[in-house]
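Peer 1: According to TrEMBL, the record shows the following:
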DOMAIN    208-409  domain 'GMPS ATP-PPase'
BINDING   S236, G237, G238, V239, D240, S241, T242  ATP binding site
Amino acid sequence: MDPQSIQTSLVLILDFGSQYTHLITRRIRSLSVFSLCISGTSPLKSITDLNPRVIILSGGPHSVHAPNAPCFPDGFIEYVESKGVFVLGICYGLQLIVERLGGSVRVGEKQEYGRMEIEVERACGLFGGSKKVGDKQVVWMSHGDEAVKLPGGFEVVARSQQGTVAAVECPGRRFYGLQYHPEVTHSPEGMETLRYFLFDVCGVTAGWKMEDVLDEEIKVIQGKVGPEDHVICALSGGVDSTVAATLVHKAIGDRLHCVFVDNGLLRYKERERVMETFERDLHLPVTCVDATEQFLSKLKGVVDPEMKRKIIGKEFICIFDDFAQHLERDLGKKAVYLVQGTLYPDVIESCPPPGSGRTHSHTIKSHHNVGGLPKDMKLKLIEPLKLLFKDEVRELGKILAVPTAFLKRHPFPGPGLAVRVLGDVTEGNSLEILRQVDEIFIQSIKDAGIYDSIWQAFAVFLPIRSVGVQGDQRTHSHVVALRAVTSQDGMTADWYNFEHKFLDDVARKICNSVRGVNRVVQDITSKPPSTIEWE
């Protein structure tokens, strides 16, 4: 998907490191407005090339006074004013606007974190005609610094109950600012504020819909892939790769060649189930490659999760390169491209963020299909979903008539069970134990009728043993963890609250059915502070 070809107003978010930054992106897309997020320290050309209608400066953990504090590029102010671009600063973004336009920001006498009440000081403005002077609302604050002197032409729109500036604006220069986070659910009226700002203040048109994404992406693929070119697709059986394959197949037909790789890290009977579904429901040309020994031999002795991901990414590419050579011998034509179901969260979490200096946010993990790819790979990438979130991919899949059973599948990581076995995946029978435990857990969830209420559920094999009693004998066996979360896009997540009886039944089934396990624990951590996967 080419951002410049989207026929609607683009809202560009400059990321300065806030944990909520990508939630802004999601909230705006939910209003049928296309939004993208790039590093706040990106070169000016990266911004001007996208030709945004609106720019939002995100929050962040830094003080504007700190050495090397992240900032928009030189020439940014001149650019937005010359082009009439609307700018909204959120939290750190507000302070950045104030400080760079000649105002003053200092450490607050009273810091504000969590829920806080604000009061409107100026009618209309950012809150529209629905708010009168004196009206109050609850918002979510997270700041230590505060604006104490505004630049010329700016006015205070609202203050917190402690008297801190909570909202400012300068309509003449098209600059606006909120000291709180409107994008989080803890700011109940935040979405209404964003809606009013985009549609009424900025005049943005709500014209972005998934049908347009489909049509545009087909044009992009057909324009990129030559009329004689052949394309390989890495098909895993998950939602992302299945939708990506169906989309590319629609664009270029039988010049697409799908490859399903059994890397020895799949779930219980995954290979048989997935290949049957591909053939029966999707009618896609799929070749199954058994590379179990190839992967497991390279992973032997490896315990570092980043190293696991990079090894797996490299081996996948080796297999696809080999497959491409076989195609060339059989067809007389060389495969040029590799299709992957990379999603926006994969890109966000894998890329060295703002400015690549890692000064105000950090790589969380290298996804095997992003940070884990070797630099010398021969095939060029096609990633038709890389600007979409998971729920958007499912919506696209519906339009493409992908079977509902596929679209409802929980996410499964590209490195497979390698990142669910903590430690060396080749040690003992850890993979087989994990497959059995995971199968019992997932089937129990389906039998309870709660599978569709959960974003992702899985079991984890822990590198520890515990003492137990089974059959009147002392045991020293393995511990497994159960993880289930709810989420909208995988960027944030809450743990799923099972009924106690369900957990009791599942734990009994696992300990009674899986030899070598005598203890089951549940992970009840949200994201953040944890990630969804353990590695």
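The count begins at 1 with the first shown residue.
Cβ coordinates are placed from backbone N, Cα and C, and glycine is handled just like the others.
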Peer 1: Please list residues from the chain of V239 (ATP binding site) whose Cβ is under 8 angstroms from its Cβ, counting only those at least six apart in sequence.
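Peer 2: Same-chain residues close to V239 (ATP binding site) (Cβ under 8 Å, separated by 6 or more) are G341, K390, V393, R394, G397, F406, L407, R409, P411.
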Peer 1: For the ATP site given as S236, G237, G238, V239, D240, S241, T242, which other residues of the same chain have their Cβ within 8 Å of the site's Cβ centre?
Peer 2: L235, V243, A244, G341, F406, R409, F412
Peer 1: What are the non-local neighbours of S241 (ATP binding site), defined as same-chain residues 6+ apart in sequence with CB under 8 A from its CB?
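Peer 2: Once residues fewer than 6 apart are set aside, S241 (ATP binding site) is near C233, A234, L235, Q340, G341.
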Peer 1: Using Cβ atoms only, which residues of the same chain lie under 8 Å from D240 (ATP binding site) while being at least 6 residues apart in sequence?
Peer 2: G341, T342, L343, L385, K390, V393, P411
Peer 1: Relative to the Cβ of G238 (ATP binding site), which residues of the same chain, six or more apart in sequence, are found under 8 Å away?
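Peer 2: G238 (ATP binding site) has long-range Cβ partners G341, R409, P411, F412.
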Peer 1: So which one is it: of the binding-site residues S236, T242, which has the fewest other Cβ atoms within 10 Å?
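Peer 2: Per-residue Cβ counts within 10 Å for the binding-site residues S236, T242 bottom out at S236.
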Peer 1: Do any residues at least six apart in sequence from G237 (ATP binding site), in the same chain, have a Cβ closer than 8 Å to its Cβ, and if so which, in order?
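Peer 2: Spatial neighbours, sequence-distant, of G237 (ATP binding site): F260, E270, R273, V274, T277, F278, R409, F412.
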Peer 1: Return the average pLDDT for the domain 'GMPS ATP-PPase' (208-409) as a whole number.
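Peer 2: The predicted confidence over the domain 'GMPS ATP-PPase' (208-409), as a mean pLDDT, is 83.
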